[in-house]
Amino acid sequence: MDWPKGIWRIFLILLVAIPAVCTIVIFFFSHETFTEQVFSNYHNPEKLEKFRSTLLTQERFTLLRFCLIFLTTICLIIGIAAWNRHQQVFLLWHRIRNYSFHTIKQAREFWWHLPAIERYITLCLFAVIIISRVYFLYQVPFHIDERFTYLYFVSKGMGVSMAYYPNPNNHIFFTILCTIISAFIDDPWLVMKIPAFLMGFVLVVVYWAVIRSFFDLTITLLATALFAFSAGVWYYGLQGRGYSLLMICLLIAIRSVFTILQIKKNRFTPFFWLWLSSVLGFYTIPIFIYPFTGIMLFAGIYLLTQKEYASFLRLCFCTVCILTSAFLLYLPVFVFNGWNAISGNSWVVAMPWDAFIADIPAHLLSMADNMWGYLPFGQWLLLLTIVYCIIILIRKAHSSHRRKWVYLFLICLLSLLVISVGQRILLFQRLILYLSVFQYLILALLLIDIVSWLIQKPVYRLYILTGISAFYISFNSFQFYRDTAPEKFDLYDSFDNISSLLYQKQADIIFVNMYEYALCIRFQYETNGKPIDLDSQQTESGKEYRYLVIHKEYAVPEQISLANYKVIYSDAEAVVYEKVSL
């Protein structure tokens, strides 16, 4: 048996055997036994019954069995169909591998063929970005969302990270990366910050590379500076969330789409990278549906207008493969959390039409103002960029690349509004962060055109644009410095101080009237392997609490009498009480 054929058949055997074994095993376990085994990694075994009643219920356990049967059947069909097709599969694999290596080789050659001055300027910009982010990495606090992600997903292992979805906090693909890092590092701060920092910088490099493949040095450097030092991109490049990873997937998908539109012959590899980047984008955060819709509409309209019907059909097939693959990856989420786990959570519930129509104008104005970060007059700036985009489309003098990017930006913006209205949801600011990929490129083009119109000599234009970039970086750095000043995070200091105090006193049977304090206290205990009896916001009838954590803006429950407690800690945010021994 030749080596490639043997490897291929071993892979197919494993492809069928693994889900088959899982199916057999789960049919030998009862619901009670299986949930007890799954729950054994948690520090609160007394909450097993809650796990059975709210997450892996008897109905969902039955659904899990049928899903495994279905998955095993599909794998068996694939295995039978592909048993003797190892040559075709390996040929396809070699095409993907060779295309990837060729792309890396082209990128390396492209970099070394750039003028030395361009390489030095680019490296200097990257160095400034790294230095600034390393500095601010230690200034921003360990955010509530990061603690939640580590406590309820990362620390519980790969299975929980892939299947537990109580709210949109689980950016699954990013969480999986953190879970892998947690196998080598114990410090929760490092586990969450290392992938965030790396993904944030990789995002800037990918952004530079994609923009540089379409535009010249001046446009690329200005757009990269505007993008990298924008408030949202900067902030989420330091916080352990999946937004940077989502934008990396978006940029790769955009580059793949442009490659598909440029080539005239059938090539598999750009469709493969479009499929892979889009699936991982969906698996990071489901809001990838917003840019994905815009990208596919843009590509579909372009191919139809160019009468490239064969490529349009391949694009439709690729879209079906992307959505199917994303659904299969989210299947554990649906099994353990219900079919409405993503669309039915409290953060994305549809508003009544009358309330939505009344709130949407003010909300859109607020989002237009905030989407530019620290830049003033955000509403007028957005209006100016849209007018500029329309001018580019009307005038035929502009390059085709510029016109394509403008079309893509406007279609993504319009599709976002249509989907938002269809969902009747007022989107959070961070959900439209992906628009930064487009808006700062358009802003860079606008600034360069204005400067070119006002100043004739190229050297003076370069001085002006360099001054604009330096001022923008300095201004945003100063604003970010102010926003990360220690006095801005008194609440986080209170979280940490109270959590450390209670942990040092080995406090137990605690009531907390604010959820964020409860989360931080639980994080302090469970990351150190200590169990805790803690109730948050609602008291348990007849329970005698030994410690109380009362935020000053929240009321004390009527069932609790502070006359039986003494103050052991107080700050500007909260007070800690200890029960007086009689």
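Note that Cβ sites are derived from N, Cα and C of the backbone, with glycine treated the same way.
According to TrEMBL, the features are:
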type     : residues : note
TRANSMEM : 6-29     : transmembrane segment
TRANSMEM : 120-138  : transmembrane segment
TRANSMEM : 172-190  : transmembrane segment
TRANSMEM : 197-215  : transmembrane segment
TRANSMEM : 221-238  : transmembrane segment
TRANSMEM : 245-263  : transmembrane segment
TRANSMEM : 283-305  : transmembrane segment
TRANSMEM : 312-336  : transmembrane segment
TRANSMEM : 374-394  : transmembrane segment
TRANSMEM : 406-426  : transmembrane segment
TRANSMEM : 432-455  : transmembrane segment
TRANSMEM : 462-481  : transmembrane segment
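Contact between the transmembrane segment (462-481) and the transmembrane segment (406-426) does not hold: fewer than three of their C-beta pairs are under 8 Å, each pair 6 or more apart in sequence. If you look at the transmembrane segment (197-215) against the transmembrane segment (120-138), you find at least three C-beta pairs under 8 angstroms, all six or more positions apart, and that counts as contact. When each of 172-190, 245-263, 312-336, 432-455 is scored by its Cβ pairs under 8 Å to the transmembrane segment (374-394), the top-ranked stretch turns out to be 432-455. Same-chain residues lying 6 or more positions outside the transmembrane segment (283-305) and placing a CB less than 8 Å from one of its CB atoms are 168, 171-174, 242-243, 245-246, 249-250, 253-254, 257, 260-261, 311-312, 315-316, 319, 322, 326, 329-330, 342, 404, 407-408, 411-416, 419, 431-432, 434.
Sequence-distant contacts of the transmembrane segment (221-238), counting only residues of its own chain at least 6 positions beyond either end whose CB sits under 8 Å from a CB of the stretch, comprise 121-122, 125, 129, 132-133, 136-137, 140, 193, 196-197, 199-201, 203-204, 207-208, 211, 215, 244, 247, 372-374, 429-430, 433, 436-437, 440-441, 443-445, 447-448, 465, 468-469, 472-473, 476-477, 479-480.
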